[in-house]
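Below is one structure, written out as structure tokens; comments come after it.
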């Protein structure tokens, strides 16, 4: 029984594969005739259910024999949960790194297959060359050749035995190992949702940082270490995904880039006719009939029998005639206004706040005047002679005045960061937001990251970090939420939001029973090559990630009223990998540590 328990422990804490856990435990139990139902209930739900793949459902039949119907249903539940809860690779760069090792393993397997095929072909080639020499000589004088008894014997031997051996060699399947490996790995591959998510991330980065398609396609992004260019197929695929999403603005941009690369002579299985077909339609959908007609005519020069293009030419010409007849001065002015609109094709979601947010992400629009800048300072801080910091005060810098945002430098060590990431990475799950109406946690398109929660009692490093936050803020951590660790994905972002519950969300943190979120502490656990700033659109503030630092601000005034100037966002990561961890501190327990103010908005 102890062997089984040890295996379940290994499964629970990640040192054994779930299938190994279940099969080994099953074998041990069958041999000893003992029950492990009580162990399965605690451990399988804690670890195995999160890792067992649906492909391992075959073990259920063995499991049923060993443990009975109850455990069989439990394992089946785990397997179905695992299959339904897709890992959303594109939402976490940290977890995407595992895919690189998967692909490396597949490449190694593919090379083994190629070597086996080359070896087989080399043997066949040598056989063919030998027989070519023999048959050439033999057919010059067949009777004389066969008059030699050894030649007659060898002919019989070749046709009766050696050609059969050659047939077996040619029919030998050397692909089994590669196919088996590919099949087993495929269940861990990204799916359509990941590909679409990564494509949308590129489009989001293009808009936020005002990058033209050619810059992205050539890979000339700021801060890149590993430059990678896009092929015609890549550009076409991006345009096609935008087309599927009825996003004709980006369809035009990327189909035009694909066409540009084809015109420059890049070889591709994608032809110009296909690209022009998509491009002309996307432009037509944006109301530019003349350009759509021009591109369609270009398509017909390449393929005069293209049925849809022939129909479109007639339709576009007819529409242009109608447009010219009914054109008025007012319509002409409207068209000129559209032509000068830099946000052409964008959806209605891009309002004033969005524009401010994107400006700040690009490092533009910061609203700190020189006079206000002079009020900010850097200093050593011990929080009123806190015992832990009297002899070794920390470096504190004012980042912003209203709201007051401060940054602590060198506040978390590299070894602490490594341990936090090590604890969090196996548990990372798609970050969720609380629906303000239903209170239910759900994923959102405007939050692209994965997160995990770490409790103070599971490792001394977490407990030490919690204590450090308490010492430096002077706030009680007993009512704070657990340390949340987040890793951002491709173009990872969190659009403008409040950390605290507003008046129209009275039940936001009711279940916790600790009041509203009074303050936010945010560790930066990595440097980011480009992008990834924390911005406050309402006040024009931008705070850039710097590994080993932390920023802190109050979400509520001393009166308990929400400070609406703390509305903030995490900008998309353009280049790099962004890791953060944060602590949301709540009101309860702070009554004597941060007394209430007499005025509603006293700071």
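Placed from the backbone N, Cα and C atoms, the Cβ positions cover glycine too.
According to TrEMBL, the features are:
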type	residues	note
COMPBIAS	315-351	compositional bias 'Basic and acidic residues'
DOMAIN	479-587	domain 'Fe2OG dioxygenase'
REGION	313-351	region 'Disordered'
REPEAT	273-306	repeat 'TPR'
Helix, strand and coil residues within the domain 'Fe2OG dioxygenase' (479-587) as assigned by DSSP:
3 helix, 48 strand, 58 coil
Within the domain 'Fe2OG dioxygenase' (479-587), what mean pLDDT does the predicted structure show?
94
From the DSSP assignment alone, can you count helix, strand and coil residues within the repeat 'TPR' (273-306)?
27 helix, 0 strand, 7 coil
